[in-house]
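See structure below.
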Amino acid sequence: MGRLPVLLLWLAWWLSQAGIACGAGSVRLAGGLTLGGLFPVHARGAAGRACGALKKEQGVHRLEAMLYALDRVNADPELLPGVRLGARLLDTCSRDTYALEQALSFVQALIRGRGDGDEASVRCPGGVPPLRSAPPERVVAVVGASASSVSIMVANVLRLFAIPQISYASTAPELSDSTRYDFFSRVVPPDSYQAQAMVDIVRALGWNYVSTLASEGNYGESGVEAFVQISREAGGVCIAQSIKIPREPKPGEFHKVIRRLMETPNARGIIIFANEDDIRRVLEATRQANLTGHFLWVGSDSWGSKISPILNLEEEAVGAITILPKRASIDGFDQYFMTRSLENNRRNIWFAEFWEENFNCKLTSSGGQSDDSTRKCTGEERIGQDSAYEQEGKVQFVIDAVYAIAHALHSMHQALCPGHTGLCPAMEPTDGRTLLHYIRAVRFNGSAGTPVMFNENGDAPGRYDIFQYQATNGSASSGGYQAVGQWAEALRLDMEVLRWSGDPHEVPPSQCSLPCGPGERKKMVKGVPCCWHCEACDGYRFQVDEFTCEACPGDMRPTPNHTGCRPTPVVRLTWSSPWAALPLLLAVLGIMATTTIMATFMRHNDTPIVRASGRELSYVLLTGIFLIYAITFLMVAEPCAAICAARRLLLGLGTTLSYSALLTKTNRIYRIFEQGKRSVTPPPFISPTSQLVITFGLTSLQVVGVIAWLGAQPPHSVIDYEEQRTVDPEQARGVLKCDMSDLSLIGCLGYSLLLMVTCTVYAIKARGVPETFNEAKPIGFTMYTTCIIWLAFVPIFFGTAQSAEKIYIQTTTLTVSLSLSASVSLGMLYVPKTYVILFHPEQNVQKRKRSLKKTSTMAAPPQNENAEDAK
């Protein structure tokens with residue numbers, strides 16, 4: 001409380017020195033209650049000058065709107081009957097410090113009322129007495145200002161004197177702080193709503209990476225701050241750069257701004273909270289940098305649907321989306337303003353200057369000399385006929401601000417002066433705090449038919465129209481602003497109406513990273529949530545969502561674009577497969593040959609050749625060869641439990657039986673001749689019965705092992721998805737097979753291969769047997785060839801383990817190897833004998849037998865020969 005008198009005395013002294021009462025320009029209207037008005041009639045002046053060029057729309061249109069509204073209020077018998085509203089309208093020159101000086105005139109009467117009342121102390125600069133000595137009006141409320149920085153400066157003074165203030169254009173969120181600006185209200189929504197609308201627009205366009213551009217000051221900085229805060233809370237939008245345009249930009253400043261924006265070229269969307277001059281100079285710098293069409297502007301209400309910021313810069317503005325508080329053109333004001341002339345509008349002291357500017361003429365010549373460069377005004381010119389005219393966008397809000405004060409005064413008058421016409425003592429003077437209470441309580445339909453009301457912070461509800469500047473027939477200069485949507489707590493944006501450079505119907509991107517393709521996940525860049533790298537879901541992984549890749553289940557493989565999983569195809573070797581053709585052909589031919597030979601031997605069972613071959617072991621060997629050929633059919637058949645059991649049992653049985661018989665034969669021959677070198681006593685176990693016992697004894701080990709395996713692990717078919725899980729998922733197959741691994745399969749053959757190797761060793765040892773003993777050498781050749789076949793089999797079988805055709809190659813290799821080994825035994829041991837039996841029966845005589853017998857006698861005692869003869 002102690003600081004207020006000091007401040008008041010300081011203000012009184014400043015007023016006496018400032019010359020405010022000394023002819024400073026203002027519009028005055030007499031009335032019982034005076035309203036103040038602050039309008040940017042002139043632009044900010046250059047260095048050393050307070051004011052610059054006249055602002056026809058933002059300045060004169062808005063000022064005339066207040067005069068129009070006052071005329072309407074004063075002419076309304078139902079509103080404030082008996083009370084006439086006066087006015088004191090001042091020019092802020094678009095500068096906050098100058099506006100503060102002007103606004104001090106609103107509190108002049110209050111200061112002098114609290115001071116010593118010595119009006120003689122008021123002097124103009126140089127000691128000249130004031131032109132008017134009438135006491136200043138007592139202002140009850142103020143309409144204005146326009147710029148947020150000006151409103152903030154003025155509000156700090158008006159609140160000290162409890163003078164309510166209603167702005168028609170100030171939207172800075174800072175002004176919503178009722179603890180600091182408790183006497184401030186506005187009929188336009190704050191930028192926090194506007195910022196929310198702009199965030200919604202950015203999200204609707206699919207942008208996630210934008211830059212912000214703000215004019216230094218409360219409006220620009222607060223607007224951007226609100227946008228950044230809301231976008232952070234909403235998520236999904238990142239700020240590439242936040243650039244501030246200095247209040248007094250240096251030469252080249254705007255080129256520097258453009259260069260900075262191009263440091264993040266993917267952030268094409270530019271959120272701009274800037275005054276008209278800055279908007280224009282940014283567009284000019286864009287043109288000079290040859291970047292027309294690169295930036296995608298989203299402008300605040302300071303841009304709105306105005307022509308002045310983009311005049312002659314339409315190419316750079318094409319596609320710009322702008323926001324404007326929802327408004328309507330007031331027809332009554334158009335009729336009022338278009339009938340204004342120099343004769344009927346003398347109350348507006350700036351109207352003559354407007355007339356010259358609007359019609360490009362001069363009312364008087366400088367220095368009394370005629371000026372040939374500019375025509376002279378006739379005074380008969382008409383607005384809208386001899387000059388272009390379009391109602392300025394804030395006219396509606398100026399009118400609504402005046403009516404809000406009028407309605408509040410009316411309600412206050414009804415409460416304090418019931419039944420009284422004109423002002424009563426309770427309203428002389430008018431208490432500002434009481435008036436503020438009634439202002440915050442007003443609710444009426446404004447000049448455009450929309451509700452006018454205030455919340456507890458003095459803010460109006462957020463309602464915006466959304467525009468886009470579009471070219472017409474490919475020409476930007478003949479284009480215009482097209483309404484594309486609305487915002488009232490939620491966005492309604494008509495995407496079909498939007499038009500863009502390049503492809504008119506495709507929204508240009510403003511993203512840090514391009515969208516990932518199908519089957520790719522986003523790998524976020526640390527610290528920049530809107531930037532990412534695209535990582536392919538390779539191998540057997542598929543895209544779960546935009547951030548995650550997961551492996552497909554074991555029985556599935558990814559789709560070609562890796563966006564999902566699909567069943568892995570199941571394959572097996574079928575009867576019709578080309579891979580089965582050769583094995584089946586060999587097996588059929590082998591079985592036919594084996595059957596023919598066995599039948600031939602059985603038919604000629606007692607002939608010398610058959611007897612000399614060892615009939616018992618020959619039949620065992622032929623049976624083993626038959627089983628080897630037969631296994632091919634089991635390997636091609638569709639796997640099931642029975643087939644799998646038969647495979648286990650017969651896969652090694654045929655080879656074991658064959659090689660057991662050959663081993664027994666080879667061992668017998670070797671032992672006979674080795675024994676013959678040392679003694680005439682025959683070796684043991686060389687009789688046919690002994691040979692059969694040895695053969696079946698060796699074979700029984702294989703049978704017992706397989707039976708034990710069947711009991712321990714019952715056979716069944718499985719689909720093996722790992723066997724054909726190739727690097728390329730497109731080549732992956734599930735293999736329907738018996739539950740036998742490659743090693744298990746080789747294990748089935750392992751014992752028979754051991755017998756084969758042992759037999760080969762004996763065949764090598766018996767290679768010195770006399771040539772007349774014809775069984776040893778064919779057996780030797782058979783075993784050598786068989787070893788070569790199986791040596792070739794192993795690398796082929798295991799070398800194709802990762803092949804996409806593994807199931808076919810391995811099965812074919814195995815069956816062909818078995819058939820070839822059986823064919824070698826059949827061809828070398830029995831085909832020659834069968835040939836002799838069938839085609840040269842004259843050789844199948846005792847002589848042949850004698851030859852064999854003679855050979856045997858060389859290595860065996862006479863009694864063994866007799867035994868052979870007994871056979």
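Cβ coordinates are placed from backbone N, Cα and C, and glycine is handled just like the others.
Taken from Swiss-Prot, the feature L-glutamate binding site covers SER148, ALA169, SER170, THR171, TYR219, ASP301, LYS394. According to Swiss-Prot, the feature disulfide bond maps to CYS51-CYS93, CYS238-CYS530, CYS361-CYS377, CYS417-CYS424, CYS512-CYS531, CYS516-CYS534, CYS537-CYS549, CYS552-CYS565, an assignment based on similarity to another entry. Under the heading N-linked glycosylation site, Swiss-Prot lists ASN290, ASN445, ASN473, ASN561, citing sequence analysis as support. Annotation source Swiss-Prot lists region 'Disordered' at 850-871. What Swiss-Prot records for 1-23 is signal peptide. Sequence annotations record features per position, and here Swiss-Prot assigns topological domain 'Extracellular' to 24-579, 638-648, 713-742, 801-813. The topological domain 'Cytoplasmic' feature in Swiss-Prot is assigned to 603-616, 668-691, 765-777, 840-871; the stated evidence is sequence analysis. Annotation source Swiss-Prot lists transmembrane segment at 580-602, 617-637, 649-667, 692-712, 743-764, 778-800, 814-839, citing sequence analysis.
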Which chain-mates of SER148 (L-glutamate binding site) that are at least 6 residues away have a CB under 8 A from its CB, listed by sequence?
-> SER170, THR171, ALA172, GLU174, LEU175, GLY217, ASN218, TYR219, SER222
Are there 3 or more C-beta pairs under 8 Å linking the transmembrane segment (649-667) with the transmembrane segment (778-800), counting only pairs at least 6 apart in sequence?
-> yes
Give me the largest Cα to Cα distance among SER148, ALA169, SER170, THR171, TYR219, ASP301, LYS394, the residues the record lists as binding L-glutamate, in Å as a whole number.
-> 16
Non-site residues, in chain order, whose CB comes within 8 A of the mean position of the CB atoms of SER148, ALA169, SER170, THR171, TYR219, ASP301, LYS394 at L-glutamate | SER146, ALA147, SER151, SER167, ALA172, VAL188, ASP191, SER302
Can you grab the distance from ALA169 (L-glutamate binding site) over to ASN561 (N-linked glycosylation site)? Cα atoms, rounded to a whole Å.
-> 54
Taking the transmembrane segment (649-667) as reference, which of 580-602, 692-712, 743-764, 814-839 has the most Cβ pairs under 8 angstroms?
-> 743-764
May I ask for the residues of the chain that lie six or more residues beyond the transmembrane segment (580-602) and have a Cβ under 8 Å from a Cβ within it?
-> 573-574, 610, 613, 615, 618-619, 622, 625-626, 628-630, 632-633, 635-636, 811-812, 815-816, 819-820, 822-823, 826, 830-831, 834, 837-838
Residue from ASP301, ASN445, CYS530 whose C-alpha is spatially nearest that of CYS361 (disulfide bond), among the recorded positions | ASP301
Compared by Cα position, which of the recorded positions LYS394, CYS530, CYS549 is the closest one to CYS377 (disulfide bond)?
-> LYS394
Counting other Cβ atoms within 10 Å, pick out the least crowded of the disulfide-bonded residues CYS93, CYS530, CYS534.
-> CYS534
